[in-house]
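Over in TrEMBL, the protein carries these features:
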ACT_SITE  HIS47  active site, proton acceptor
BINDING   ASP48, VAL51, GLY53, ASP55, SER57, GLU69  Ca(2+) 1 binding site
BINDING   PRO144  substrate binding site
BINDING   HIS174  heme b binding site
BINDING   THR175, ASP222, THR225, ASP230  Ca(2+) 2 binding site
DISULFID  CYS16-CYS96  disulfide bond
DISULFID  CYS49-CYS54  disulfide bond
DISULFID  CYS102-CYS298  disulfide bond
DISULFID  CYS181-CYS207  disulfide bond
DOMAIN    6-302  domain 'Plant heme peroxidase family profile'
SITE      ARG43  site 'Transition state stabilizer'
Amino acid sequence: MPCEAQLSSSFYDNTCPKALSTIRTAVRTAVSRERRMAASLIRLHFHDCFVQGCDASILLNDSSSIQSEKNAPNNLNSVRGYDVIDDVKSEVESICPGIVSCADILAVAARDASVAVSGPTWTVNLGRRDSTTSGLSQAATNLPNFSDGLDRLISLFGSKGLSERDMVALSGSHTIGQARCVTFRDRIYDNGTDIDAGFASTRRRRCPATSGDGDDNIAALDLVTPNSFDNNYFKNLIQKKGLLQSDQVLFSGGSTDSIVTGYSKSPSTFSSDFASAMVKMGNIEPLTGSAGEIRKLCSAIN
């Protein structure tokens, strides 16, 4: 990305030296209050970056000039953690008003969330600015869907400059977090050859077959160690125990099988690939220089 060079890990060193430690403390508190929040914050950054780049456009609420991305099909009643980001922003504003962007807070919070659940760490490049527009229509087409096939996922990630390996590594964040019954119902009732029968039967207990019944019941994406950031997600896929269709397609006889196998055998390879993929993702089309603005409130343009 041409803008990449303008981001720098030392961006706030002089203008707001306590920014990073303030974000870290707030994220750690939020995750200790609710462990699931770690996954939610990582996903929030991801859903931001895939729509108009990493510009905090996902945080804007509806207004006369904004059609909020929060209402996109893949975000509504699904993406969470907005309140945590609002809290972090107000803490940062109290020490350095008007300096630190919401887009950078999202990027730092994702890294701190990973660390809070013993996941990988990485150096976050900073200097993104906040958008003054939202991309509701883009959100419908640019975000992956739980029912997507492998080719669709590869082309979607490819369109953002991310390789198949980046995609598989990033999907490994499903080692933590939860999914709603409505997102995996078809898979557990299909009696397909790509799902372990015992696993399907376990998951049916909290996810009734009838649409509209228990839609919002949640299940862990990683049945084995749902609260630990590890490589169990990949071991699950090899055993046909991926919860979402879009998880299991990564190990279903296609071009990504060998990557999944590699990560299932080497936690350290997964860790370092996840970290570098997160850095690449955080570099998608940032607004820099005088583009965009630094919002006072993350949910509204100034």
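Every residue, even glycine, has its Cβ placed from backbone N, Cα and C.
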Out of GLY53, ASP230, CYS298, point to the one nearest CYS16 (disulfide bond) in space (Cα versus Cα); all of them are recorded positions in the record.
CYS298
Within 10 Å of ASP222 (Ca(2+) 2 binding site) (Cα-Cα), which of the recorded positions ARG43, GLY53, GLU69, HIS174?
HIS174
Pick the one among the disulfide-bonded residues CYS49, CYS54, CYS181 whose Cβ has the fewest other Cβ atoms within 10 Å in this structure.
CYS181
May I have the list of same-chain residues other than THR175, ASP222, THR225, ASP230 whose Cβ is within 8 Å of the Cβ centroid of the recorded Ca(2+) 2 site, in sequence order?
ILE176, VAL224, PRO226, ASN227, SER228, PHE229, ASN231, ASN232, TYR233
C-alpha spacing of the residue listed as 'substrate binding site' relative to CYS49 (disulfide bond), in angstrom:
12
I need the nearest neighbour of ASP55 (Ca(2+) 1 binding site) among the recorded positions HIS47, CYS102, CYS207, THR225, CYS298, using C-alpha distances.
CYS102
Under a criterion of Cβ-Cβ distance under 8 Å and sequence separation of at least 6, what residues of the same chain contact THR175 (Ca(2+) 2 binding site)?
LEU221, ASP222, THR225, SER228, PHE229, ASP230, ASN231, ASN232, TYR233
Of GLY53, PRO144, which of the binding-site residues has the most Cβ neighbours inside 10 Å?
GLY53
Measure from the Cα of CYS96 (disulfide bond) to the Cα of every one of the recorded positions HIS47, ASP48, PRO144, then give the nearest.
ASP48
Which recorded positions (HIS47, VAL51, GLY53, GLU69, PRO144, HIS174) fall within 10 Å of CYS102 (disulfide bond) by Cα distance?
none
Between the Cα atoms of ARG43 (site 'Transition state stabilizer') and the residue listed as 'heme b binding site', find the distance and write it as a whole number of Å.
10
Given the recorded positions PRO144, CYS181, CYS298, tell me which ones have a C-alpha lying within 10 Å of the C-alpha of SER57 (Ca(2+) 1 binding site).
CYS298
Which of CYS16, VAL51, CYS96, CYS207 (the recorded positions) has the most other Cβ atoms within 10 Å?
VAL51
Sorry to bug you, but what's the C-alpha spacing from the residue listed as 'heme b binding site' to GLY53 (Ca(2+) 1 binding site), rounded to the closest Å?
22
